[in-house]
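Only one structure is covered here, and it is reproduced in the block below.
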Amino acid sequence: MNPSVPVLEQDQIVSMPSPAGGSSERTPSQTPQTPTKRLEKDVERDSIHSNDVPWEAYPERIADVRRGLQQRHIHMFALAGTIGTGLFLSSGKALAEAGPLGALLGYSLMGLITAAVAYTASEMSAFSPMSGGFVRHTTKFIDPVLGAVTGWNFWYSMAITAVVELVATCILVSYWAPQVHIAILVTVFWIPMILINLGPVRFYGEVEFGFALLKITLIVILLLVGIVITAGGGPNHESIGFRYWRDPGPFRQLFKLTLNGDRTIGGSWGRFLAVWSTLINAAFAYGNIQVVAIAGCETKNPRVAIPKAVNKLFTRVVLFYISSVFMIGLLLPSTEPLLLSGSGTAAQSPFVIAMHRAGIRVLPDFVNAVVLSSAFSSGVSCIFIASRSLVGLAEDGNAPAFFSRTNRLGNPWVAVVFSSAFGALGYLSVTEKSMNVLLWLINLSAIAGLVSWIILCIGYLRFYAAVKAQGYTRDELPYQAPFQPFTAWFALVMVILITFFSGFKVFLKGQFSVADFLSNYINIFTFLGLYIAWKFYNRDRQIYRPATKIDLSEFEAIHKEREQNLGTLPTRTISRSSRRERLFVCLC
């Protein structure tokens, strides 16, 4: 049992002088008016940290949303947030389009980009932990109007992505029970997704922790089995080695413009387009990697939890994603027709196809079960992120105030229910014609997510400029992302290129399609249109805040924490009495 956690009285957190001059004193309406007795009750004493800073000490705390996640939860989110159905199912498409080396290059480059985005978001979240994450940072560091538009854009992206994962879950179940109507499956999985998000935040953390362990277990098993098969240890005792890198080769020689392959592009240009298409496919596979920074704001001590989790992110991306794509390139030829079967179940997984080719028949059901849990887990996480973004919008005055209402468990139930309501779109998958509408929405949500990444990187660059302009040093930050600001610039430029050339096929001769053009670019036009209209409505001509006027009063709180030794971890942070936590240490 940890010692009692100190609880700061209201007069200790109300006034906070600004280092830039002036005062950032909170008004009574801005200051949480929660009685001390309730604060003591809400701070859990079984945390893995013995010196946690109580979440009430953070002036950024909003409404009554409670921070119930622990360090080990955020560590696993750093891993589980980057593992989804894209790795288990869609990675085969990358191999079929670009070849083993082309797929490896695409996933490696996208891994660098997504890691750069996560590092950038985490530095801002560790400095200013807010429910809503980078959406509220956009308001704080750039402009309130841009923050509002970005917030709604990001919320929409997460809400639609939750629907996509819900439908994916139902399709995966149909692998075992094809006779069950899809509408029944949508209802069966939709309700638990909502209930998990309506419970205590810590319960959500435990559920995601369990799903993460399943994903890790599956990847480790598949990689080990892949090594055995490659070395000739499978039932057919056939050694593969780098056979498929020689024939049909490391790259696909022709890039297909149509599904039936009646139009192709060859040569260096064709190979480049193949790798580029893999890059776009990898962006979907890596998923919402910024969940580390957003979920980290829900911990009791985000300024400690976020840095410790994100520091291991890059290693995990390399270990799980890059090694998996490399293994797939060894096990299967890029000409394998089943890679593009589009079944959406374990039968499409490149690992399962490789097991069948090697004579192993026992893994498909296991793979389908874990991929199903992955899709369900991702859907739960998307609702979680969407609801927190909506709460942030409400607290900034960009959404109705009732979205910030919480239940007795400290959960923003109105935001959760509203964000979950989009699950009704899952019933569009009942018929094939309606499913096309849903696929169109999927493309829209993917582009919306990339637009959010662009704004995130711009927000960081403004934050970086403000720190420098106001005389602070990066050594004063609770977390310093590596190679900044070059990391943010690299991510910004690459994400802009990916976003604007995501629909490059429509610009090729004879390939223009109105439907394809709109699905790839209408979200960009909508975002810009909303931003301009909102600016005119508010009669606001300011594009961004001057660096010297950006509020960096959090530095004062950070200095106080360090002076009082509240922001440090003890030498041993995890109880040796817990088998689950010992397993967690081994994995991390």
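Residue 1 is the first one shown; counting continues down the chain.
Every residue gets a Cβ built from N, Cα and C, even glycine.
Taken verbatim from TrEMBL:
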REGION    1-50  region 'Disordered'
COMPBIAS  24-36  compositional bias 'Polar residues'
COMPBIAS  37-49  compositional bias 'Basic and acidic residues'
TRANSMEM  73-89  transmembrane segment
TRANSMEM  154-175  transmembrane segment
TRANSMEM  182-203  transmembrane segment
TRANSMEM  209-233  transmembrane segment
TRANSMEM  313-332  transmembrane segment
TRANSMEM  366-391  transmembrane segment
TRANSMEM  411-430  transmembrane segment
TRANSMEM  437-466  transmembrane segment
TRANSMEM  486-508  transmembrane segment
TRANSMEM  520-537  transmembrane segment
Selected stretch (most C-beta pairs under 8 A with the transmembrane segment (366-391)) from 154-175, 182-203, 209-233: 154-175
Leading contact stretch, 313-332, 411-430, 520-537 vs the transmembrane segment (154-175) - CB distance under 8 Å: 411-430
Best-contacting stretch, by C-beta pairs under 8 Å, relative to the transmembrane segment (411-430) and drawn from 437-466, 486-508, 520-537: 437-466
Within-chain partners of the transmembrane segment (486-508) [C-beta distance under 8 Å, separation at least 6 from its ends]: 109, 112-113, 116-117, 119-120, 257, 265, 273, 276, 279-280, 283, 446-447, 450-451, 453-454, 457-458, 460-461, 464, 516-517, 519-521, 524
